[in-house]
Amino acid sequence: MNVIWRNYICRLRQGKVPHRCQSGVHPAAPLGSRILTDPAKVFEHNMWDYMQWSKEEEAAARKKVEENSATRVAPEEQVKFENDANKYWNTFYQTHKNKFFKNRNWLLREFPEILPVDQNTKEKVEESSRDQVRSNFSRMQGTEVHCQKSCVSSDPPSKGRSNFSNLDLEEHSKGPGKTERFPGSSATFRILEVGCGAGNSVFPILNTLQNIPGSFLYCCDFAPEAVDLVKSHASYSEAQCSAFIHDVCDDGLAYPFPDGILDVILLVFVLSSIHPDRMQAVVHRLSRLLKPGGMLLFRDHGRYDNAQLRFKKGRCLSENFYVRGDGTRAYFFTKGEIHHMFCEAGLHEKQNLVDHRLQVNRKKQVAMHRVWVQGKFQKPLHWTQRR
């Protein structure tokens, strides 16, 4: 057992680990949360919510990260991991198919924004977004648009890893005189999941949205194998969903829909796999896809998560950025980094928290600190993207 977790269990059994509320009811905890108030019961559940770290535990985690990041991957190897990122993930899905990750049935609990809001609230942003959507269509169809310096012009399509198979896209790209059609063009509520993988978020969402008229889900991944897995799933339907290959790091690639039409973007355990130098550009580009009032929902690895502490020496690419044995990569965020990144893209912060939990392996009697960062960021009604 890792010395950090062994010491933690000892402290639990001695009653020396602080808890937010000794009464057993956490004042801010959602219904159904498990709060550990009795250290003797730590192995009665697989996961405990709202854990706090002692100063000693945080210092031990910081020391562990300093140790495992002391030796860096050689520069030429780092270039290979960057250039072949999609190949490593494609191999991952060829190997594991849809068996590696569990379905994210927790999404609605953490992100109720996935469901359409009531009609009255939607009408508040409908008028302000209509003009922007119309303008975005014009830009994508080749019409020249003159903007002030603060406006963002459309990037021309370029060759790359983007693949749209839906016939509606053909209508969308024919020119200014044609009907404004694209996948999900008749929908009134649109969601995009970035980095959909094998569909572990896609199908729980579709199951929820199937009885909500006017809803449509887009999902993309830069690994062709992942997109094929989604499309071959028995619950996949082009009437409700459009899955496509897309590399979000390539700003020149066109999406199968215009800017400014999405109600929700889901960015869950995706940004961490991107090189830190490219993250800000990705967030900027995604923010342009949201309609005014639209929400970007984020969840990813947090600093000093057990996954970060478990990396061996020689797997560190740069500060808090690592490569796994299979060639896939992971970055570990702080809430301050997330705040800066999304607010720099012109979005308003609605939630930004660090989710500390204790994950328990009852069979092996092992407890592991899990740390995730979760945020909700909204596009203002009058939006100007920062450069």
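Placed from the backbone N, Cα and C atoms, the Cβ positions cover glycine too.
Taken from TrEMBL, the feature region 'Disordered' covers 148-182. Taken from TrEMBL, the feature compositional bias 'Polar residues' covers 150-166. TrEMBL lists 169-181 with the feature compositional bias 'Basic and acidic residues'. Look at TrEMBL and you will find 192-296 tagged as domain 'Methyltransferase type 12'.
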Note the mean pLDDT of the domain 'Methyltransferase type 12' (192-296), expressed as a whole number.
95
For the domain 'Methyltransferase type 12' (192-296), the number of residues DSSP places in helix, strand and coil:
33 helix, 29 strand, 43 coil
